[in-house]
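Notes for the one structure printed next.
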């Protein structure tokens, strides 16, 4: 008789990070330093608003001051850059989160060079991207890939020498999470839509990270017995329900651990964002 895999939720991980941050922020506030995050959002996309609500709540619970700059959808490139420069120069702001993707008429390839790298808490700047690739811990890796690694560490998954397969090669999750896992001494394989025998390659992994953005694509043929599965996907299924890239019910009898969607990786991401704001604040104040 097979035993069902353990569903590993993000909340205990997020709570532990938050507890540590509350102590750190208390010490900073006692010295007259108030960590502050500014969110720069164009328009009002529902997924942006959903993440924003979670981020504001998390930061406020920790004691981080927050501000949201909601910009018109028809904002020009020049106007957007002016706003970003103003926030860069504001000494009271320690962290900046720019919601992406930006509308098509705004050129991210230009704008990403404008954000101050020392305030760039979700890895928009090429300088922080380069630090991720180099394994340089002084920068700010993207929050979601960092959340993936934090979850694995929290649940004592031994990454050293483990075969880890990442499904997806985006700069948002796939590539950066692969680099972060390499820094943890995992043996990493990156798969994508052109990978031959995709399920066969995935089924060799001790740890499988699904970040392809296709609802319930990963079934039991993708996982080996006892694998750990981290589901980064956020999709909507035919019934209109939120679901991940993994068909959890199909794989639950084979895996040892799996993150749910919702209540998995996403719930840790906002804690990482807060952690990066506090780190930025300390660096800017030589703490």
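Quick reminder: no glycine exception, Cβ is built from N, Cα and C everywhere.
Positions annotated as NADP(+) binding site by Swiss-Prot, on the basis of sequence analysis: 168, 169, 170, 193, 234. A simple way to gauge crowding: the CB of residue 234 (NADP(+) binding site) has 20 other CB atoms within 10 angstroms, across all the protein chains here. Secondary structure from DSSP puts residue 234 (NADP(+) binding site) in coil.
Listed in sequence order, 174, 190, 191, 192, 209, 210, 211, 212, 213, 232 are the same-chain residues six or more apart from residue 168 (NADP(+) binding site) with CB atoms under 8 A from its CB. Taking Cβ-Cβ distances under 8 Å and a sequence gap of 6 or more within the same chain, the neighbours of residue 170 (NADP(+) binding site) are 211.
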